[in-house]
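A.B. asks: Here you go, one structure.
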């Protein structure tokens, strides 16, 4: 039996992820008028652009919801965000500037917690506002069915009847007004925004054109650091981790991770830290473009990775980055709770994060411009006395290094012979324009 319902299941309970915006408001009212029994579920994700969460379920009841619930997802979302930092679960970067997968993290939490709440109410059909071209339709599909094996999916935006009647925002606004709700469309922005406590995503409309830069975006978690008229004074901040977990900012310890993330957002946001412009590959392998904000995630990530590089050895760090990139892809694809992702998460949290205890002090300036001012940890394997250029007792001698050079580089002869072979077969040229060793000339001299 198919899990996707193409038309409205009349007379049945349908859970809708209700944001209170025009789209979900019109969808809820339309479903009720057509004979379905809608239940509204609103996720409190700590969205920085949402002022009154309690009002959203009340509006849902006015529009015809059989019941409306507000589900506080902030604690779980911050926990997953910290886990992503511990694992470096980020795969989209441009010139070293990172997208912190804040929307995929939000979908992982929303998709599981809302469907779990629906299941408690005996609601086994789920609808949301994701479209067929995006990533979210697949993320919600996976997380929903992971949480409730009996779940069926109904999306108004895949229903031709709904699209024919209410296919655009103008039609939806008129529909709400005719029903007596006087819903007015908000002023159209040049892009769309989706946000949660971890970050904000700005995309679509004008941002689909690559000649529209970050300068058209009005940040909701930070400042327009690119505007010279915006004053952004430099600021020092100290971040403390204990066993991989952020616990303090500027000497203030937080027992509540949500409050710590909010403060990290405030600190990083004052500088526009963590804002990035990315061209990425969607799940369906088509490229999209987004401008992202994540001031708190960026702040914690910088401090965490500084401690990682000072505490762990080279091979461990290399594996951390490789696993993190793969895990970031799983997260992006809606597979954050799949076994292959859990395996990588466990490895990083068990063997890497557990050793990360210490403090990092940063000086934040404008945007992603910062300096590391100090790094302190009892677990540091950085020992300056081992490599000091000053005279004194040393842990190894010149003779030790001579032996190391000999043993570590026994393959030089083998490498030289391979280069000679490459020249003979025409793979390498002895042209003066190449940066490769002039092995052809060297071979001639050797033979003479």
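Placement of Cβ uses the backbone N, Cα and C atoms for every residue, glycine included.
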A.B. asks: To which of 99, 154, 304 does Swiss-Prot also attribute binding of L-citrulline at the site defined by 135, 139, 192, 201, 203, 280?
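C.D. replies: For L-citrulline, Swiss-Prot names 135, 139, 192, 201, 203, 280; of 99, 154, 304, the listed one is 99.
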A.B. asks: Look at the ATP binding annotation in Swiss-Prot, where 17, 18, 19, 20, 21, 22, 23, 24, 25, 43, 129, 131, 136 are given, and name the residue from 194, 206, 227 listed for that site too.
C.D. replies: 194
A.B. asks: Could you give the Cα-Cα distance between residue 136 (ATP binding site) and residue 203 (L-citrulline binding site), in whole Å?
C.D. replies: 14
